[in-house]
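As structure tokens, the structure follows; a few thoughts come after it.
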Amino acid sequence: MAGAIIENMGTKKLCIVGGILLVFQIIAFLVGGLIAPGPTTAVSYMSVKCVDARKNHHKTKWFVPWGPNHCDKIRDIEEAIPREIEANDIVFSVHIPLPHMEMSPWFQFMLFILQLDIAFKLNNQIRENAEVSMDVSLAYRDDAFAEWTEMAHERVPRKLKCTFTSPKTPEHEGRYYECDVLPFMEIGSVAHKFYLLNIRLPVNEKKKINVGIGEIKDIRLVGIHQNGGFTKVWFAMKTFLTPSIFIIMVWYWRRITMMSRPPVLLEKVIFALGISMTFINIPVEWFSIGFDWTWMLLFGDIRQGIFYAMLLSFWIIFCGEHMMDQHERNHIAGYWKQVGPIAVGSFCLFIFDMCERGVQLTNPFYSIWTTDIGTELAMAFIIVAGICLCLYFLFLCFMVFQVFRNISGKQSSLPAMSKVRRLHYEGLIFRFKFLMLITLACAAMTVIFFIVSQVTEGHWKWGGVTVQVNSAFFTGIYGMWNLYVFALMFLYAPSHKNYGEDQSNGDLGVHSGEELQLTTTITHVDGPTEIYKLTRKEAQE
């Protein structure tokens, strides 16, 4: 009888395989912690207040904060009063990056948040539910002396959430409100060297536009982009892991097709998991260095969603295939209650992502969180996905409990077996429990490292060595799930090692009733694995 490799592998060989995988896991963490820089960099920008004194404020002119063709600018709003400069004449200009620097495609993306400095004035206070409306233009160029090319031009509304902690009295005029930061812009590629933002705050009292928003003194931006050094390390890992997973996947499927039976459901799911992992690994990001592919962030989200949906489905089916009877097993329809929440939750998160990053492909200033309807819609999708996730884990915990109970019940029949056969089945049970514990350890490690990366400063220093915790989290967890999928396809590939007839009927010395109980699910020579046969009878009872 041929089972999976894990069922025919000795403890010594299994430990050797585990040790090799552990070494690669440590290397994955060290690559991020010691070689790669931090994943992202945050840069603060202070806008420059330029003056547009032309009639009708023609939009084709770009206001540059510094350089040979810099704009006519004022230091503060108070300077505008004696010069009779109106609010509609002021353009807040931001040049990206800072002077004497260039942006690079290795930065992969740009994310900006906005902070308004609003002073308290008795005659110009922030009204309840106030909304600031910005007229924003984004341009780019690849040469310091070239003309600016418009990239986007949108009206950008944002709701203000500000509090004033001091008493609203004349002596506290001029103090700043404490305002929440606002989402401003996200671009999925950095294909150009220089970017320019021109932000206007047009005032129209008749239409109540930018009325009751306080006295805006300054506009600050914080730009976040991926570090080029981290990008190179990340691409290198993807380039290395892609052929590794692809080769083991081809080898795995070849061994399955060599069997005289069709693939069972669990084997198909493991193969699909390998495909989804390969889909994530394929380093298509290399093309983003030479092409302006703004959809890469959305594409990355979709790839991750497919992988996690397959991973969650595998855990359910892996448990179910060890507890269901022959009629229910090997059919995906038998898992509709457990897989259904995965499908619904994944679909909700996909719709949410399309509503956010999908729209940002044409409007980089869009955010679903800026309107009440958008916020409610986003929360609805997230809540439904959260409920589905909770239902999934309830199903999973119940199935894991059932499997362990079935195995524990079957262990009571082990003392009646011969020593050789008893040791054989004890080894099978140990390996099943071992894989379950490894799965829990991988999930726990993912959560732990995520929490650590959020609460630490991003790096640790031990003597003269600096460890980038956040980078180690990304490379380590990414490597861990690759190793997990690799181990699954290797250990659960069909083994070509057979138990001889003398072992089955002689050396193992099993009573006829026991033999019937343990082999009742065998339908042909290359039937289900040994652990399936061991647990099915208990599930039926």
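A Cβ is built for glycine as well, from the same backbone N, Cα and C atoms used for every other residue.
According to the topological domains annotated in Swiss-Prot, Gly67 and Ser367 fall on the same side of the membrane. No contact links the transmembrane segment (472-492) to the transmembrane segment (332-352), because fewer than 3 Cβ pairs that are 6 or more residues apart lie under 8 A. If you look at the transmembrane segment (16-36), the same-chain residues 6 or more away from its ends with a CB under 8 A from one of its CBs are 9, 227, 229-230, 233-234, 237, 465, 467-469, 471-476, 478-480, 483, 486-487, 490-491. Across all of the topological domain 'Cytoplasmic' (254-268), the predicted model scores a mean pLDDT of 88. Between the transmembrane segment (381-401) and the transmembrane segment (304-324), the number of CB pairs under 8 angstroms, six or more residues apart, is three or more, so the stretches are in contact.
Beyond the transmembrane segment (304-324), the same-chain residues lying 6 or more positions past its ends with a Cβ under 8 Å from any Cβ of the stretch are 264-266, 269-270, 272-273, 276-277, 279-280, 330, 332, 334-335, 338-339, 342-343, 346, 349-350, 353, 392, 395-396, 399-400, 402-403, 406, 432, 439, 481, 488, 531-532, 535-536, 539. Beyond the topological domain 'Lumenal' (353-380), the same-chain residues lying 6 or more positions past its ends with a Cβ under 8 Å from any Cβ of the stretch are 136, 138, 151-152, 154, 156-159, 183-188, 294-295, 297-298, 301-302, 305.
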